């Protein structure tokens, strides 16, 4: 009998980076569809702007660095960066904002470090945070979901608002943000934080139209459930591992439950945390970035739990209504330390 001698590794994963990125893009379809349904065509326009900007920015840098443009663009990482940023910002944000954020994410947060695999921070979240800090008003100007909105825009009107700031009939963001109660609407998390600080009781807050959903905020609960469905599909396809999403969601739910039990007058209930904002998007599509997340199983559990704790702390006591982006970046900082202390022991070697 003849034995073939082969060098390690002895097991192989045939999935290329482009294949994994494509799976993530496909898994985003339910979440995108839900955002289109509840927040209008602006989401699609932002995705198109971000995608084109990401591809052009990456191609420009690769050309300047004299690297293969076609081969690198085929990995779909630039497209995914643009997509994640586009679905994270308000659907009617000015066109130049998504372009600026995407270009910053690709050139500064990714290519400046050497490209895919070298960046320590999630590029899409870097772009988001830069926009949020620089343009807080525009970045928090979300439309009310269609079920409680007074004005529902068509595709052409959405384009006009994004590029000119008003509709053909003269409507602007102030009128478009009005809900059925005649009050400018915000996200469920933003509404809760602002109302508590204004001295409103939780009973009063829960009567607002934005909380007319079955489980959490109107529209937002279904958007989060759609992102959850896409995330479960990614797990089924084995494109991501379960450790980070599970530890993130369990930690966030546990902290929110304990906080709500001890201080129900000032802290949001767990279902609002889990089904509002970017919770499910962050859990399955952002935190699971293989480049910027921990690489060991124990490390992934710690990484996800840390992010969940940070999200709850920022939402409950910080200055921003949704803390997913900041939590992701802060958790990214700790990855080298987490990996160092959770790396598995080499068989046959003792510690120390």
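Along the chain as shown, residues are numbered 1 onward.
Cβ atoms are placed via backbone N, Cα and C, with glycine included.
Sequence annotations record features per position, and here Swiss-Prot assigns transmembrane segment to 20-40 (among others) based on sequence analysis.
Feature annotation from Swiss-Prot assigns transmembrane segment to 42-62 (among others); the stated evidence is sequence analysis.
Note on the transmembrane segment (78-109): residues 21, 24-25, 28, 31-32, 35, 39-43, 45-47, 49-55, 57-58, 60-61, 119, 121-128, 130-131, 135, 138-143, 153, 158, 161-163, 165, 173, 176, 278, 281, 285-286, 325 of its chain, located 6 or more positions outside it, place their CB under 8 angstroms from a CB of the stretch. Taken from Swiss-Prot, the feature transmembrane segment applies to 78-109 (among others).
Taken from Swiss-Prot, the feature transmembrane segment applies to 123-143 (among others), supported by sequence analysis.
Marked as transmembrane segment by Swiss-Prot on the basis of sequence analysis: 148-168 (among others).
According to Swiss-Prot, the FMN phosphoryl threonine annotation covers 187, on the basis of sequence analysis. Under the three-state DSSP scheme, residue 187 (FMN phosphoryl threonine) falls in the coil class.
Annotated transmembrane segment per Swiss-Prot: 214-234 (among others), in sequence order, evidence recorded as sequence analysis.
The transmembrane segment annotation in Swiss-Prot covers 242-262 (among others), and the record cites sequence analysis as its basis.
Under the heading transmembrane segment, Swiss-Prot lists 267-287 (among others), citing sequence analysis as support.
Annotation source Swiss-Prot lists transmembrane segment at 301-321 (among others).
According to Swiss-Prot, the transmembrane segment annotation covers 322-342 (among others). Within the chain, the transmembrane segment (322-342) has long-range Cβ neighbours (under 8 A, six or more residues past its boundaries) at 88, 120-122, 125-126, 128-129, 132, 187, 189-190, 276-279, 281-282, 286-287, 292-296, 298-299, 302-303, 306-308, 310-315.
Long-range contacts of the transmembrane segment (123-143) within its own chain (CB-CB distance under 8 A, at least 6 residues past either end) are made by residues 39-40, 42, 80-82, 84-85, 88-94, 97, 100-102, 104-106, 108-110, 149, 173, 176-177, 185-187, 190, 286, 320-321, 324-326, 328-329. Ranked by Cβ pairs under 8 Å to the transmembrane segment (214-234), the stretches 20-40, 42-62, 148-168, 301-321 are led by 20-40. Tertiary neighbourhood of the transmembrane segment (42-62): same-chain residues 32, 35-36, 68-69, 72-73, 78-79, 81-83, 85-87, 89-93, 95, 98-99, 101-103, 105-107, 110-111, 143, 153, 155, 158-159, 161-162, selected by CB-CB distance under 8 Å and a gap of 6+ residues from either end.
Residues 47, 75-77, 79-80, 83, 87, 91-92, 142-143, 145-147, 152-153, 158, 219-220, 222-223, 225-227, 229-231, 233-234, 237, 239, 280-281, 284-285, 290 of the same chain lie 6 or more positions beyond the ends of the transmembrane segment (20-40) yet place their CB under 8 Å from a CB of it.
Taking Cβ-Cβ distances under 8 Å and a sequence gap of 6 or more within the same chain, the neighbours of residue 187 (FMN phosphoryl threonine) are 140, 142, 210, 217, 220, 276, 277, 321, 322.
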